[in-house]
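**Q** What follows is a single structure, and I will ask about it in a moment.
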């Protein structure tokens, strides 16, 4: 029966079978040292007289587990049998044991199918999986229902910009930029819903913080009083996500040298107007209606200095910079918010309009065609609760938590302005 590397300590003095990849090799003639890597770690294997295959070959090893203080982890396996299950046919383009994951991003991404085998390259994905697990678990406990919405749609949730068009038989369709309209519809069914799924944005940006395809963690909740209910929910949700990652992916977090954030019980809040005033009067950085990347970075520094917080809610954005479905106030603001983490927007959310006439008026005011949203609008003729929600960008959150230099390292196979493979 197979034993994982992490469990070898319980088998000292016993014969075991290991399955994994040849991580490294050293041939001293009569004696040969191998490092065997499986999903749980690396162990030294001592053998001799073999014609050693290339690194990354898949192996089966049968041998005796013994203690050796000089070996990685203090253990080694003295092999009695080594079988090559699948040989590597050529050297890897990047040496996995000498992994330098912060350098040469084009090379690392071009050969992602190999470089992901490196422990530092795969660590962000392990952390992200834990974050998503915490996301699901917390919402399940709060009586949310997971939903699965269409990804080929007739119109975008936020209008006609930023959409990837696709041919859908004799019609024109688009890749979904958000499940927004569907999750609102499903609030009328389950009251509380969430989805974990990819979304697409056709944006020309080619920066360390932008992806054209990313994993969106979406939440929508009915019968709320206002957007404050949503921010309170997100505070508790993020706390559980961070705890799950720390508890189950702590080795990966430490491997990357990440500074794990403290999580305040109450995230500081600034209205959009207050944020603009602080930027202009205290930080010397005037801004327009929306906040630029630099403005968000400065606000992140301000929150850290003033409150000791890595997190900051910016609330009450102007109606002009929010989607048509955002609940408006009479003063021209909206019941909306963004969550900044270490100076980067990772969440956008707010309360939605829940009355048919007001929603129709808002669509027209934005210059959008109500007919394109017919199925969505019809739902509001039959009663909808006051509701709202938010979406967390999984890759951005992972990037900032781990201090990754590029958001592409937080996705297994990233899609950006220039990358369509692998």
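Cβ atoms here come from the backbone N, Cα and C positions, even for glycine.
OK, Swiss-Prot features for this one:
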- 26: site 'Interaction with tRNA' (SITE)
- 44: site 'Interaction with tRNA' (SITE)
- 68: site 'Interaction with tRNA' (SITE)
- 72: site 'Important for tRNA non-discrimination' (SITE)
- 76: site 'Interaction with tRNA' (SITE)
- 158, 201, 348, 352: L-aspartate binding site (BINDING)
- 180-183: region 'Aspartate' (REGION)
- 201, 202, 203, 209, 210, 211, 345, 393, 394, 395, 396: ATP binding site (BINDING)
**Q** If you compare CA-to-CA distances from residue 203 (ATP binding site) to each of the recorded positions 68, 72, 76, 352, which comes out shortest?
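**A** Looking at Cα distances from residue 203 (ATP binding site), the smallest one goes to 352.
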**Q** Could you say which of the recorded positions 44, 68, 348 has its Cβ with the most other Cβ atoms inside 10 Å?
**A** 44
**Q** What are the non-local neighbours of residue 26 (site 'Interaction with tRNA'), defined as same-chain residues 6+ apart in sequence with CB under 8 A from its CB?
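**A** Result: 32, 33, 34.
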**Q** What is the interatomic distance between the Cα atoms of residue 396 (ATP binding site) and residue 44 (site 'Interaction with tRNA'), given in whole Å?
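**A** About 36 Å separates the two Cα atoms.
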**Q** Give residue numbers and ranges for long-range contacts of the region 'Aspartate' (180-183): same chain, 6 or more residues beyond its ends, CB-CB under 8 A.
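**A** Long-range Cβ neighbours of the region 'Aspartate' (180-183): 147, 149-150, 157-158, 193-195, 218, 220, 323, 325, 373, 376, 389, 391.
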**Q** Using a 10 Å cut-off on Cβ-Cβ distances across all protein chains shown, tell me which of the recorded positions (76, 203, 345) has the largest neighbour count.
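**A** Neighbour-count leader: 76.
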**Q** Would you find the one among the binding-site residues 201, 210, 352, 396 whose Cβ has the most company, meaning other Cβ atoms within 10 Å?
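**A** Sorting the candidates by Cβ neighbours within 10 Å, the top entry is 352.
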**Q** What is the total of other Cβ atoms whose distance to the Cβ of residue 394 (ATP binding site) is within 10 Å?
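**A** Other Cβ atoms within 10 Å of residue 394 (ATP binding site): 23.
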**Q** Looking only at the region 'Aspartate' (180-183), how are its residues distributed among DSSP helix, strand and coil?
**A** 4 helix, 0 strand, 0 coil
**Q** In which DSSP state, out of helix, strand and coil, do we find residue 76 (site 'Interaction with tRNA')?
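**A** Once the DSSP labels are grouped into three classes, residue 76 (site 'Interaction with tRNA') ends up as strand.
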